[in-house]
Amino acid sequence: MKLDRGWIWGLLLLFSLAGAAAAAQEKQLELDVSDIDEDMGLDNEELNVLLEGEEEEMEEEEEDEATVMDEDQADKTDGTASGTAGVDANVSFQVTYKTPVPTGEVYFAETFDDGSLDRWQQSKTVKGVVSSPAVGKWAVEQLKENKIPGDKGLVLKSRAKHHAISSMLNKPFVFQDDTLVVQYEVNFQDGIDCGGAYIKLLSDTGDLNLEQFQDRTAYSLMFGPDKCGEDYKLHFIFRHLNPLNKDTEEKHAKRADVDLKKFYTDKKTHLYTLVLNPDNSYEMFIDQSSVSRGSLLHDVIPPVNPPKEIDDPSDSKPEDWDERAKMPDPEAVKPEDW
């Protein structure tokens, strides 16, 4: 049993009061002895007999009081008298929620606690079709289970639909000298069959129309959980412009080092974090535990920097190839100082 510090101090205080009461009782007994000796004029032997009888009566009274206390405590708990403290199962605790306030240099922050989507633009386009019937709806609501009053989130309201919603950053982020941290929470409260809950950071093209935000919209990076069937992934994809041929290619980070299934099935809220450092390293976290890390240049598929050596699939051994690892040199001679 884990005890709360306040309970421990209360227990120590209770023991201190009990000790003080016992000391006061002994002092009162000494005073009574003195009074008996002076008022009644008894000798020592008579006095000892009288005191023994008085002490026995006091012990019986203490036992009776202890029995009453134990019975009273048993009635108030589960019927078992004991000297340990019990916790009332009927007592409820109210969790007080306070909207978090971001600190430091923040390019974007959203809690949805005000219940509004005024700063957000819901997409009306799916796969190039404007006002498509496949567009899903969004809402701001509390969790269905384990809800905390005041704590709200963005909820997908349409099954088997394409959902996209976007908002502008406070200012563009330039990948140069600063560390980028992307962090948000996800709760698959109704489970998930095939779909994702990922974030895309869009490229600053100057002609961006958020009403037409769709899967074909150019982006800089994509991060977040994705599942289809029994394939559980944590995506991190960035688009890289090849400086030689000017082609833009998607680079996929290696798969997470842990089993991700529980994060999709336990119906709990989980915190997903992506960190990109100026030294071209990256790291992904779930609930502040690292699940994947590596180099943006080498640990992605395909790598940004090609390997130093590339296999030639058309290469073959010559017909006179000798398979021996070592062979004698008939022209070799010992050096003069051998």
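We number each residue from 1, going along the chain as drawn.
The backbone N, Cα and C atoms fix where each Cβ goes, and this holds for glycine too.
Just so you know, TrEMBL annotations are computer predictions that nobody has curated.
The feature signal peptide is assigned by TrEMBL to 1-22.
Among the features that TrEMBL reports, compositional bias 'Acidic residues' is placed at 52-73.
TrEMBL lists 52-85 (among others) with the feature region 'Disordered'.
Per TrEMBL, disulfide bond is recorded for Cys194-Cys228. When secondary structure is read from DSSP and collapsed to three states, Cys228 (disulfide bond) falls in the strand class. Within 10 Å of the C-beta atom of Cys228 (disulfide bond) sit 12 other C-beta atoms, taking all shown protein chains into account.
Sequence annotations record features per position, and here TrEMBL assigns region 'Disordered' to 297-338 (among others).
Neighbour count (other Cβ atoms within 10 Å of the Cβ, all protein chains): 10 for Cys194 (disulfide bond).
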